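**Q** These came from Swiss-Prot, pasted as-is:
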- Lys119: SUMO2 cross-link (CROSSLNK)
- Lys126: SUMO2 cross-link (CROSSLNK)
- Lys132: SUMO2 cross-link (CROSSLNK)
- 1-100: region 'Required for transcriptional repression' (REGION)
- 50-100: region 'Interaction with NR1D1' (REGION)
- 100-141: region 'Interaction with NCOR1 and NCOR2' (REGION)
Amino acid sequence: MAGEEMNEDYPVEIHESLTALESSLGAVDDMLKTMMAVSRNELLQKLDPLEQAKVDLVSAYTLNSMFWVYLATQGVNPKEHPVKQELERIRVYMNRVKEITDKKKAAKLDRGAASRFVKNALWEPKAKSTPKVANKGKSKH
């Protein structure tokens with residue numbers, strides 16, 4: 001009976017999409033409650049500047065994305081709204097932070113280890129009298 005009432009409010013075709021949306025909103029709500037449980041200053045004190053930037057960017061992106069969804073649910077085209085430009089601006093900064101993170105993770109040359117590796121990898125002939133005699137014999141002919 002309750003299922004029949006639901007079908008009167010919206011088309012049956014979108015029931016699965018609405019259920020998924022409701023589930024996603026519940027997950028977002030849980031995450032926001034978790035984030036809000038800790039004071040922002042307390043959270044940022046535990047992080048290095050790069051991690052702080054990541055938290056700020058993810059927060060800004062999340063809020064703007066939620067506003068994008070809100071606009072869409074109100075029948076406003078978010079692609080024509082300034083929120084699209086704001087999301088692009090945040091993406092640019094996220095890419096910059098990613099580049100910095102990747103540079104930090106990039107392999108660094110350990111000169112001592114490289115020197116030892118090259119030294120041990122190069123072939124050195126052993127000092128024996130036989131190869132010298134063979135070489136002398138070849139050079140005379």
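Backbone N, Cα and C atoms are what each Cβ position is placed from, and that goes for glycine too.
Tell me about the setting of these features in this model.
**A** Summarising the environment of Lys119 (SUMO2 cross-link), the number of other Cβ atoms within 10 Å of its Cβ, over all protein chains shown, is 9. Mapped onto three states, the DSSP output places Lys119 (SUMO2 cross-link) in helix.
Listed in sequence order, there are no same-chain residues at least 6 apart in sequence whose CB falls under 8 Å from the CB of Lys126 (SUMO2 cross-link). DSSP classifies Lys126 (SUMO2 cross-link) as coil under the three-state reduction.
Restricting the average to the region 'Interaction with NR1D1' (50-100) gives a pLDDT of 95.
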**Q** Give the residue counts of the region 'Interaction with NR1D1' (50-100) per reduced DSSP state, in the order helix, strand, coil.
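**A** Residue counts for the region 'Interaction with NR1D1' (50-100) by secondary structure: 46 helix, 0 strand, 5 coil.
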